[in-house]
Structures are given as C-alpha cells and as structure tokens.
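Lifted from TrEMBL, the feature list:
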TRANSMEM  15-34  transmembrane segment
TRANSMEM  40-58  transmembrane segment
TRANSMEM  63-83  transmembrane segment
TRANSMEM  103-126  transmembrane segment
TRANSMEM  133-150  transmembrane segment
TRANSMEM  193-211  transmembrane segment
TRANSMEM  244-262  transmembrane segment
TRANSMEM  282-306  transmembrane segment
TRANSMEM  318-335  transmembrane segment
Amino acid sequence: MSYGFTERLQDRRNATGAAILVAVALVAAPFLLGGYQVNLLAETLCFVLFATAFNLLYGYTGLLSFGHAMFVAIAGYAVALTVTDLSPMLGVAGTFGGAAPLATWFLALVVGVVAATLLAVFIGFLSVRLEEIYFAIITLSFSMAIYVIVLQDTVGSLLGQEITNGSDGLTFIMGFVELFGWEFRLVDILNPLAYYFLTLVVVSIAMFTLWRITRSPFGMICLAIRENPERVESLGINVRFHRWITFIISGAFSGLAGALLIPLYTNVNPQYAYWTFSARPVIMTVIGGPYAFLGPAIGAFTYEYLRWFIRQFPALEANWQISLGLLLLVVVLFFNNGVAGGVNRFRAWIGVAVNRYHKGGVRGVVSLVRETIMKYVRLVWTTLRGGARSLMRRVGIGS
C-alpha cells in the first residue's frame with residue numbers, strides 16, 4: 001500500500017468522522033438551545049448553502065460574482081407569490097387538507113429554484129463571456145437591475161396590477177400543519193423545531209450534492225479552468241460552456257438557499273437583491289477560505305455568530321462593521337486560505353513542533369514558538385509600514 005493511498009484513506013476517515021460529529025451536533029443543538037438560537041441556527045444553515053453555492057463559481061472557476069443576491073431575491077419573491085397566489089389557485093388546501101402548508105412549502109421551494117435557475121441560464125449566458133473585474137461588474141449590474149425592477153414593481157406596472165409591492169415587499173405566513181394527530185405551525189418563531197429540521201434536511205442534501213459535483217470529473221475540469229483556462233481551452237475543452245453550467249448550478253442552489261431563508265423572515269423585499277446582500281457570501285467565503293469545500297460554511301457560521309455576539313453589546317452594535325473589518329484583516333494577514341487554511345497550517349505547525357521535540361526536546365519547541373512569533377511580528381510590522389508609506393505618498397508627505 002503506497003503512502004499516498006494511505007494518506008487519502010486517512011483523510012477520508014477523518015472527513016467521515018468530522019461529518020458524523022457535525023451531524024450529531026446539528027441534530028442535538030435545537031433541543032439544547034432556546035427558540036431564538038434555533039432560528040439563528042436555521043438562518044445560518046441557509047447562509048451556509050448560499051455561501052457554498054457562491055463559492056462553486058468563485059472557488060472552482062475563478063469567477064467572482066457581486067450579484068448573487070439576485071437569485072435569493074427572485075426565489076424569495078417566487079416563494080411569496082406561490083404561498084399567497086399560486087397555491088390557492090391550484091387548490092392545494094383542498095387536495096392535501098391538514099398537510100397543505102407542507103405541500104405549499106415544497107411547491108414554493110420548487111418554484112423558487114426553477115425561477116432562480118431560469119434567471120441564471122439567461123444572465124450566465126451573457127456574463128461568462130467576460131472575466132475578472134468585468135464579470136464582477138456585470139453580475140453586480142444585473143443584480144441592481146433586479147433590485148430596481150422589484151422596487152418599482154416594473155412587471156406589475158406592465159401588467160396593470162401590483163406584484164412585488166414596491167419597497168414594502170410581500171409578507172406571508174405559513175399555516176398550521178395537521179399531521180398524524182399533531183398540529184403545529186410550519187414556521188414558528190417561538191417553537192421553530194419543525195422548520196429547523198426541514199431546513200437541516202434540505203441543506204444537508206444540497207451540500208452533499210454540491211460536494212459530489214466538486215469531486216466529479218466536471219468539478220476537476222472547473223478547477224483546471226480556475227488555474228489555467230488557456231491551457232484547458234487548448235486541450236479542446238469548452239471553457240465558456242463549463243463556466244456557464246457552473247453559473248447555472250450556483251444560481252440554482254443560491255435560489256434554494258433563498259427559498260429556505262425567506263419563510264423564516266416572513267417577508268421578501270428589494271433589499272434582498274441589493275449589492276450589500278451580495279457581499280455576504282463573498283465575505284463569508286473570504287473568512288472561511290475559498291479553496292476548501294467547507295471554507296464558506298465555516299465563514300458563514302463565523303459571520304453570523306460574530307454578528308450575534310456583537311448585538312449583545314450596544315456600544316459595539318452601532319459600529320459592527322469595524323469588528324467585521326478587523327476580522328477580515330486578521331484572516332487576510334495571518335491565515336492562508338481563510339480559517340480552513342489556517343487550521344491546515346496549524347496542523348502542519350503541530351507536526352513540525354512534534355518533530356522539533358523529538359530532536360531537541362522542549363528547547364526545540366520553544367525555539368519554534370519564538371520563530372513563529374517573530375515571523376508574525378515582522379509580517380504585521382511590514383504591513384503597517386507599507387500602509388503608512390502609501391498613506392504618506394497619497395497626502396504628499398515623503399517621496
């Protein structure tokens with residue numbers, strides 16, 4: 001048995017063990033937490049899927065989108081219109097009886113994903129012709145166009161009826177489910193267990209599907225495109241087509257995240273298409289690490305719970321962006337490939353420390369700690385000095 005095979009086998013066992021541990025924690029968590037914390041956890045799971053779907057495009061093809069909020073928004077409006085209009089029109093309540101809210105929710109998920117996918121097909125076809133900053137700008141432009149359309153209810157004006165309800169958006173509430181003698185509201189702020197577990201199941205299936213895509217031959221081609229698109233093109237592979245398909249898949253799963261998220265808020269409005277909402281998965285991916293599959297998931301948990309922690313202190317809450325900026329600064333300076341990369345670097349450092357201990361005892365470890373501290377001190381000093389010099393040049397001080 002070769003060393004490489006043994007290493008891969010051990011990595012797979014470690015990944016399986018970690019997945020089981022996370023699954024047990026996510027199943028047990030709602031029984032140990034209060035209602036608000038369970039809602040926060042469900043919301044975080046939605047952002048885990050959103051950030052991971054975004055990173056399928058960025059981390060695996062190298063295309064940075066600043067407009068992924070449009071998929072959440074279009075799916076959210078589709079969900080709201082399904083609950084308020086389409087479901088009654090199809091007679092879901094009469095067909096499914098007490099399980100009608102559950103059937104409506106499932107129908108809304110399907111309609112939301114289909115709407116996001118169709119939007120991704122059209123916008124992706126136009127956008128993947130561009131690269132780098134031009135791709136980022138065109139996706140941002142499309143997202144802001146969607147924002148203006150839903151804000152001004154352009155489609156409703158053309159049809160002569162109100163559809164998106166302008167800046168107020170659409171508000172809806174999922175009804176009570178009567179199933180097997182139990183009665184509960186599908187989305188309940190005070191008792192959110194039902195919707196939490198529905199979200200957990202859907203997100204788990206979606207994450208597994210995305211993981212399989214990244215491990216498939218298609219995913220390997222996307223990685224090659226990220227590293228060197230010209231060389232991949234020279235091999236006869238259609239780079240633009242693969243980027244387009246990746247864009248569609250990313251948009252579809254982002255729409256699924258939106259279709260899960262919007263019922264938690266019971267309202268969808270134009271802000272979900274605004275550029276600041278598009279920035280969320282970007283920030284989460286930077287924090288967690290774009291080149292590890294679970295990096296965006298780690299970033300989503302870090303981002304959401306950092307915001308929750310800051311909200312506990314009114315003095316910090318007023319300027320929470322500063323705390324987020326400091327976190328991003330620390331990640332960029334001290335972590336390679338975000339938190340996920342930092343964990344891998346720490347594991348490598350532990351291996352070096354063990355080796356030093358075997359060779360030189362405690363002195364070897366102390367020497368390694370000293371070297372590491374000095375390395376990061378020099379890094380901080382170099383960064384601050386470079387920033388100071390740049391600022392001085394901008395204001396005309398110094399050469």
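Every residue, even glycine, has its Cβ placed from backbone N, Cα and C.
Automatic, uncurated: that is what TrEMBL annotation is.
At the 8 Å Cβ threshold, with sequence separation of at least 6, the transmembrane segment (133-150) comes into contact with the transmembrane segment (63-83) through 3 or more pairs. A contact between the transmembrane segment (15-34) and the transmembrane segment (193-211) is present, since 3 or more of their C-beta pairs, 6 or more residues apart, lie under 8 Å.
Between the transmembrane segment (318-335) and the stretches 63-83, 103-126, 193-211, 244-262, 282-306, the greatest number of Cβ pairs separated by less than 8 Å involves 282-306. When the stretches 40-58, 63-83, 193-211, 244-262 are ranked by Cβ pairs under 8 Å to the transmembrane segment (103-126), first place goes to 244-262. Touching of the transmembrane segment (244-262) and the transmembrane segment (193-211) is concluded from the presence of at least three CB pairs under 8 A, sequence neighbours closer than 6 excluded. Residues 50, 53-54, 57, 104, 107-109, 111-116, 119-120, 123, 128, 131-132, 135-144, 146-147, 150, 163-164, 169-172, 174, 243, 246-247, 250-252, 254-259, 261-263, 268, 270, 272-275, 277-282 of the same chain sit 6 or more residues outside the transmembrane segment (63-83) yet have a Cβ under 8 Å from a Cβ within it. Listed by sequence, the residues of this chain that lie at least six past the ends of the transmembrane segment (282-306) yet keep a Cβ under 8 A from its Cβ atoms are 40, 43-44, 47-48, 50-52, 54-55, 58-59, 64, 66, 207, 210-211, 214, 323-324, 327-328, 331-332, 335, 337-342, 344.
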